[in-house]
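What follows is a short report on a single structure.
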Ligand code: ADP
Ligand code: MG
């Protein structure tokens, strides 16, 4: 723009000089007075050409008569420069308009700010008013507080004064006390020094006392241990004596004991009103059967009348049960015809259990009592013998038939390979075992009652113990046997499979009788192998073993002949045993009227002998203790 302006100025000057000068020649070159522009003027064409010597601009001037009115820059460079200058000018224009816009906005903002400041000023005025008010309040409050403070200080001062007075008084008292305490302090210091000396001496005294005490303790321990040895020796001796006494008692009582239990007439049973069975009120070992006008007398070890409870029955057998803890083998058989109460006596009913459950519970409580000195393990097996085959009632495979074999350990003991043995640790375990045995027995047959009357059910309980102080070991076995019905074949009129069943039962029951007979008669050969039952129980029937035969009798007249048979069997078993002991002639010849068995005429009353022996043994035991 500046350049343009300058050129315009120059041009203007040129024009002026041109106008002042005379009309130029047809074509003259006039140097510009400013030496930068040379002007050529062609009159003929009414055209003036000015040439810018240095800047290369060519100016064409159109004029009429002498005055050039319009000057055009024809140079392309200048045109470009003009264009650039115009573009620049446009850009600057735009910038200017933007600046103007900005200015307008700033002005608007300024207005806004001015308005805001006016408002703020008004607000400041309001606040100042409020502040003045607050200051007034504050001052009033401060005044109040000041007054309060003064009052409190005054009160505190008064209180402090009175407290001070009290403290002064106390101080005087304490001073007085101090004066009296000084002598006490002196004695205390003296005591303290004395104690200090003692404390210094104490470890030596203590050490001496400990050494002496140790010596005394060692001496006492030595004495106690020798006393213990002596006690242990006495205990062992007493145990042996106890066993000897027990054996002696059992021998005198008989290793085979025969009890009889008469069951009550059950509800719904219709029988002749005749009173077939009667008892001796003086002697609980006698039983009378009256049949066809004859009175038969049976003497057994104990007779239970129909009202006898399960508990009463168990009380009589519990010493046998516990003897298996001492290592004896025991067999308890329930013998009798079907329906005479064998299962009731052995198993009982849920509310009133029989010997099986009570025995296990008793064994549990006994071994628990002995627990600190003895470690016992009780195992249980259940076996059924049907038609001379053994079935494992606690096993998984009910079809499996078990065999009885000689133990390969060379002990000469029999064992049943595959027989399940459950270790029972609580009364709950007992219930589970019985339930399982029952279930397995029931699933194998269509009619459990019928089936059970034709098979023997054995519950075999083994009690093994070890004494923790002496290391002494014991093992006893308790066999609880619910025998098959003893009724005779002819009566049941059996045929086919029934006949075979009856034959098997008959065979095993007579084999049992024979075995007992041979044992008690001390025969060199005992026919254990004649039946599975006797073979299985051989180790529990021989040697020191004890056997109880519980003969069950039905009170019904219709069962009379079977009852007589059962009692005859019982009598035979018992008489064999008694035959080996000292016996004396039965004084009352009326008993010979009993037609049951030839050996009934000789019997044995050993009660007095027993009492004497037992007294002597008790004396000896107490002496040893
Ligand atoms: P078994 O086993 O000898 O065939 P059970 O034990 O099954 O005979 O007894 C036959 C019936 O007589 C059962 O109903 C039983 O409950 C009942 N019974 C047996 N003995 C007694 C008793 N002492 N007290 C009450 N009921 C008894
Ligand atoms: Mg039964």
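Here the Cβ of each residue, glycine as well, is placed from N, Cα and C on the backbone.
Unlike curated records, TrEMBL annotations are generated automatically.
TrEMBL has this to say about the protein:
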type    : residues                               : note
BINDING : 336, 337, 338, 339, 340, 341, 342, 343 : ATP binding site
COILED  : 82-155                                 : coiled coil
DOMAIN  : 255-576                                : domain 'Kinesin motor'
Ligand 2: which of the binding-site residues 336, 338, 339 have a Cβ closer than 6 angstroms to it? none
Using a 10 angstroms cut-off on Cβ to Cβ distances, just flag whichever of 336, 339 is the loneliest among these binding-site residues. 339
If you check the binding-site residues 337, 338, 343 one by one, which have a CB less than 6 Å away from any atom of ligand 1? 338, 343
Tell me which of the binding-site residues 338, 340 sits in the most Cβ-dense spot, judged by other Cβ atoms within 10 Å. 340
Relative to the Cβ of residue 341 (ATP binding site), which residues of the same chain, six or more apart in sequence, are found under 8 Å away? 261, 263, 552, 554
In the same chain, which residues outside the set 336, 337, 338, 339, 340, 341, 342, 343 have their CB within 8 A of the centroid of the CB atoms that define the ATP site? 263, 334, 344, 453, 485, 552, 554
Just to confirm: which same-chain residues, 6+ apart in sequence, have a Cβ under 8 Å from the Cβ of residue 343 (ATP binding site)? 334, 354, 452, 482
In the three-state scheme derived from DSSP, which category covers residue 342 (ATP binding site)? helix
Which same-chain residues, if any, lie at least 6 apart from residue 337 (ATP binding site) yet have Cβ under 8 Å of it: 485, 486, 487, 552, 554, 559, 562, 563, 565, 566
Residues that sit under 8 angstroms from residue 342 (ATP binding site) by C-beta distance, when 6+ apart in the chain: 334, 335, 336, 482, 483, 485, 550, 552
